[in-house]
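Straight from Swiss-Prot, the features:
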TRANSMEM  68-88  transmembrane segment
TRANSMEM  110-130  transmembrane segment
TRANSMEM  131-151  transmembrane segment
TRANSMEM  164-184  transmembrane segment
TRANSMEM  194-214  transmembrane segment
TRANSMEM  229-246  transmembrane segment
TRANSMEM  260-280  transmembrane segment
TRANSMEM  287-307  transmembrane segment
TRANSMEM  337-357  transmembrane segment
TRANSMEM  384-404  transmembrane segment
TRANSMEM  412-432  transmembrane segment
Amino acid sequence: MPRVEVGLVIHSRMHARAPVDVWRSVRSLPDFWRLLQVRVASQFGDGLFQAGLAGALLFNPDRAADPMAIAGAFAVLFLPYSLLGPFAGALMDRWDRRWVLVGANTGRLALIAGVGTILAVGAGDVPLLVGALVANGLARFVASGLSAALPHVVPREQVVTMNSVAIASGAVSAFLGANFMLLPRWLLGSGDEGASAIVFLVAIPVSIALLWSLRFGPRVLGPDDTERAIHGSAVYAVVTGWLHGARTVVQLPTVAAGLSGLAAHRMVVGINSLLILLLVRHVTARAVGGLGTALLFFAATGLGAFLANVLTPTAIRRWGRYATANGALAAAATIQVAAAGLLVPVMVVCGFLLGVAGQVVKLCADSAMQMDVDDALRGHVFAVQDALFWVSYILSITVAAALIPEHGHAPVFVLFGSAIYLAGLVVHTIVGRRGQPVIGR
């Protein structure tokens, strides 16, 4: 056999073995395997809850929403926790993270029961949004705790790969949860009663996540009591949560650069989300067609993110975090321009490609925080990331809602999104250059 053909055969066999090797690596890390199971169950519940809530608020014949109402709903859901998240992060860096996961999931169960009851009795939007606000805040708390705990159950040289595995598994689970919502909605209707049943179903995966969180031993998930740990009372640690988290980000250019790129991406996601929701709300069968089209767009974005989870570890090993994130931001700016025609099929394709680019940026930021931040401060920094994640989203969606017409035809905002990506690229390039060389960069 010619040498070239032999090389191709060997190369193809290596690629065929890659998923098997990753699976063996996962199963060889028992605590990571348990953590992955908690993530999968938790994010299935997240996807089901968020899709059910979106259907109840935006595609519900018993309720109606204009652009500002949509933006207001997102703000009430995410902004308060985003501002308080870094304070909660202080607790993740002081308390056994196993008990943080247990406590947060217990609180989620109580809130799920409350939100389901509010929908069942047909109460107004305010109590519904307040209940959903707290439930979603606890879900984000769980997500931050899982990310902060990962370096404790994975060897340093495998952090990037296993983080991609964890995020990919969680994304698939959330996608399945969101789409599972369509079954009870189809069976029970698109009104408040059907939405209530969907929310009550969320208790099943959250209960599983709660029980699986109990399998970890004391302090297996951290935090470590290193020399950089914040001592003093828990009240002091909570009150200074924002300060310690923000200061750590500023002191580490690799982390600051990653978060700047992530913030730019989330701003564009906010604009695109509002545009697609407004466009599909004018589909004739609003309760079915409009929601189905919106789910198709978000599913395409999620599929792109899943693909990024597969590609990013290889890209980082070949080009490093800095160059990989820069390339993703540059590609995103170009892809965004292609959606300016506001044709829904084109927007779905662009959503897929932006899902790839945006998730690459996020994974680069995640690896910087997991590898460059002291464990005693990692919870603070992940909470800051979570805050930035949602503040950027809400800020852009609120500004856009004040200016975009109700029918959603505003191509200039798509082009503005491309400019935001370019701004994020510039900031990431300048700030990232100041970072000292570290392993995995």
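Cβ coordinates are placed from backbone N, Cα and C, and glycine is handled just like the others.
Simply put, out of 131-151, 260-280, 287-307, 260-280 has the most Cβ pairs sitting under 8 Å from the transmembrane segment (412-432). Using a cut-off of 8 Å between Cβ atoms, the transmembrane segment (337-357) and the transmembrane segment (260-280) share at least three residue pairs, counting only pairs 6 or more apart in sequence. Comparison of 164-184, 260-280, 287-307, 384-404 by number of C-beta pairs under 8 angstroms to the transmembrane segment (194-214) places 164-184 first. Within its own chain, the transmembrane segment (260-280) is flanked in space by residues 58, 67, 70-71, 74, 289-291, 293-294, 297, 325, 328-329, 332, 336, 339, 342, 344, 347, 351, 354, 357-358, 361-362, 364-365, 385, 388-390, 392-397, 400-401, 404, 406-410, 413-414, 416-418, 420-421, 423-425, 427-428, 431, which lie at least six positions past its ends and keep a Cβ under 8 Å from the stretch.
Tertiary neighbourhood of the transmembrane segment (164-184): same-chain residues 22, 26, 32, 35-36, 39-52, 55, 146, 150, 194, 197-198, 201, 205, 292, 295, 298-299, 302-303, 305-306, 309-310, 312-313, 359, 362-363, 366, selected by CB-CB distance under 8 Å and a gap of 6+ residues from either end.
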